[in-house]
Amino acid sequence: SLSDKDKTFVKAFWGKLKGKADDVGAEALARMFGAFPATKSYFAHWPDLSAGSGPVKKHGKIIMAGVGDAVDKIDNLVSGLSKLSDLHATKLRIDXXXXXXXXXXXLVTLAANFPADFTPELHVSLDKFFAAVGAALSDKYR
């Protein structure tokens with residue numbers, strides 16, 4: 001679970017990241033498609049899955065808005081992300097394991113874009129945060 005220290009690290013880093021969130025989201029999404037090709041199946045209707053394509057940029061922005069929402073609700077992710085969890089489980093029917101693939105791509109993207117900030121301590125805190133977000137998003141699957 002997230003300690004107070006983890007929450008402090010995540011909130012502080014989000015403050016630095018916010019201005020580049022849309023670009024980071026598109027890059028992380030494109031990275032996920034390359035590293036985890038099975039995730040492309042949810043977006044087969046998009047002709048271009050690169051970070052520069054319109055649909056990837058748009059969805060990257062949506063994802064990062066969700067991450068920002070999770071940061072705001074970091075003290076109660078299951079309740080705070082309940083509607084998003086329901087959307088993923090019932091309407092979009094996204095495999096809950098895809099969250100782990102998205103988290104791995106996001107961590108690599110964040111490390112590449114913020115090398116000076118991406119300390120081992122931040123890495124651990126972000127990893128725990130993304131795991132908690134993934135668990136909250138998969139809550140409606142149970």
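Cβ atoms are placed via backbone N, Cα and C, with glycine included.
When secondary structure is read from DSSP and collapsed to three states, SER1 (N-acetylserine) falls in the coil class. The feature N-acetylserine is assigned by Swiss-Prot to SER1.
The domain 'Globin' feature in Swiss-Prot is assigned to 1-142.
As annotated by Swiss-Prot, O2 binding site applies to HIS59, with the evidence given as sequence analysis. Other Cβ atoms within 10 Å of the Cβ of HIS59 (O2 binding site), summed over all protein chains shown, number 17.
As annotated by Swiss-Prot, heme b binding site applies to HIS88, with the evidence given as sequence analysis.
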Could you tell me the C-alpha distance between SER1 (N-acetylserine) and HIS59 (O2 binding site) in angstrom, no decimals? 28
